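Novice: First, the structure itself, so that you have it in front of you.
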Amino acid sequence: MAGAIIENMSTKKLCIVGGILLVFQVIAFLVGGLIAPGPTAAVSYLSVKCVDVRKNHHKTKWFMPWGDNRCDKIRDIEEAIPREIEANDIVFSVHIPLPAMEMSPWFQFMLLILQLDIAFKLNNQIRENAEVSMDVALAYRDDSSAEWTEMAHERVPRKLKCTFTSPKTPEHEGRYYECDVLPFMEIGSVAHKFYLLNIRLPVNEKKKINVGIGEIKDIRLVGIHQNGGFTKVWFAMKTFLTPSIFIIMVWYWRRITMMSRPPVLLEKVIFALGISMTFINIPVEWFSIGFDWTWMLLFGDIRQGVFYAMLLSFWIIFCGEHMMDQHERNHIAGYWKQVGPIAVGSFCLFIFDMCERGVQLMNPFYSIWTTDVGTELAMAFIIVAGICLCLYFLFLCFMVFQVFRNINGKQSSLPAMSKVRRLHYEGLIFRFKFLMLITLACAAMTVIFFIVSQVTEGHWKWGDVTVQVNSAFFTGIYGMWNLYVFALMFLYAPSHKNYGDDQSNGDLGVHSGEELQLTTTITHVDGPTEIYKLTRKEAQE
C-alpha cells in the first residue's frame, strides 16, 4: 500500500528535512533584517513659488526651482501683492530628487503625497466640501543640461479635509489649518534620473474654480520610493527561489505521472499551487532596470492575487478531500460553495486594482479616492471582498473541525489492530495533524509580522546591531511561503516505498480479520496518501 513520502519517511529523516527548512526560514528573516536596508525611503520636498509673467500660459515652459536656469521666484504670497502678481501667474515648482542627487531604476516606483499649508483668513475661509483644482505638468530628463520632456499634463482635483482648532477670530489670522494629506501621484517605474513638477492653482471666480479654499501658503510633497539596496536583495531572493521551486515542481509531477493511476484532484491542486508560486517568483523585475515598464506594480498585484487565491483554494480542497465521501471526492465542482467566495473576492480586488493602478498607467495623478462616486465604488469592492473572506474562513474552520472529528472517529478502530500496524497509523495521523498546525502557524505568522511591521518604527536596535523589521517581514514571509510550497510538493509526492511489502502479515502480527478490515477501509480507493484513504467515508454510510 503506497503512500506519500511524508507517510513512508522515517521520523529521523523527517526531522532532518524539517530542520533544514527551519534553517532556510531563519536565513530568510536574517537576510531582510540584517543585510537589506528598509524597504522604502521617504523624502520631503518644499515647492518653490515661481512667477510666470507671460501673457499666454498655455505654451509649455518648465520652471526650475534652482540651478542655472532657475525661475524668477518669490519667497511668500505676501511678496506677490506689491509686485501685482496674480494667483494665475504663480507656479509651484518641485524638482525630484533634491540637488546633487539622482533617481535610479532600482527605486522601482515613486509615490507622492500632497500636503497643503493653508492659512486662516477671515475674508478667505475654507468652505464646506471645498475642492482644490490643480493644473499639474510632469517632465523628466536624464542629463542636467538636457531639455525637459513632458511625461504627463493633467487637471488634478482634490477634496480638502481641513479643521481649524483655534477660534476663528482676527487675532488667530495667519494660523494654519490642520489638513489631511492627499494622494497626489504614483508611477510604476523610475526610469529617469530627474523629474520636474510644475503645479498651478488657476482661479476662475465665475466657474467657482479654486474659490473658498483658503490662502494656500506652500505646497509640500513627500516622495516615497523603494530603497535600491532592498531591491537588489529582493531580486537576489527571487532569482534563487525560482529554480528551486521549478525543479521540485517538475520532480513532483514526474513522480505523479509515473504512477499507474491518473492524478487525483488533491495532487493537481498541489501542482497548481507550485505553478502559482513559480509565477510569482519569476524575476521579471530585472527587466525594469533597463526598460520603462510602468505596469510592473499592477502586474505584481496580479501575481500575488493569483498565488493567494490558489493558496486559499488549496486549503479548502485539502481539507475537503479528507472528509468527503466516495462520490463527492476528486471533483472540483463539489467545492463551488467554498471556492466561490474566493473567486468573487479575488475578482472584486482585481477590479479595484484596475480602477486604481490600471488608470494610473495613463494618468499618474489619478486616484479612485478623490471623488465621492469613486470612493463609494472602491469601498463597495473592498467590503464585498471582506465579506467573501469572512465566509471563506467560516467554511475553512468548519471543514478543519470536520476533518479532525473524522480522524478521531477513525482512531477508534486502531486498538483492534496489531501493535506494529497501530503504531504506523498513529504516526500517519500525527503527521497529518502536525501539517495542519504548520499551515495554521504560517498563516498566523503572516498576520503577526504584518501587524508588528505596522506598529513598530521599522527597525530594532540591539547594541551595535540594527534589525530592519519591515525588511525582515517581507523577505521572511516571502521565504516562508516558498518553503511551505516546497515542503508540500516534496512531502506529498508519491513514495517509491510500499509500506509492508517487505513484511508478511505474520511478521506484522496481523490476523486475517484485521487484514480484511484494513482492506475494506483503506485500500478500496486509490489516493495520494494513506490518510486520504483512511479518512474517507463510504457512500453508503
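The chain as shown is numbered from 1 upward.
Heads up, the Cβ atoms here are built off N, Cα and C, so glycines get one too.
Feature table excerpt (TrEMBL):
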type: DOMAIN; residues: 48-226; note: domain 'Wntless GOLD'
type: DOMAIN; residues: 227-496; note: domain 'Wntless-like transmembrane'
type: TRANSMEM; residues: 233-253; note: transmembrane segment
type: TRANSMEM; residues: 265-284; note: transmembrane segment
type: TRANSMEM; residues: 296-318; note: transmembrane segment
type: TRANSMEM; residues: 339-359; note: transmembrane segment
type: TRANSMEM; residues: 379-407; note: transmembrane segment
type: TRANSMEM; residues: 428-452; note: transmembrane segment
type: TRANSMEM; residues: 472-493; note: transmembrane segment
Novice: So what's the mean pLDDT when you look at the domain 'Wntless GOLD' (48-226)?
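Specialist: Summing pLDDT over the domain 'Wntless GOLD' (48-226) and dividing by its length gives 89.
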Novice: So, do the transmembrane segment (265-284) and the transmembrane segment (379-407) meet, by the test of 3 or more Cβ pairs under 8 Å (sequence gap 6 or more)?
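Specialist: Answer no, regions not in contact.
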Novice: Please work out which recorded stretch in 296-318, 339-359, 472-493 has the most C-beta pairs separated by under 8 angstroms from the transmembrane segment (233-253)?
Specialist: 472-493
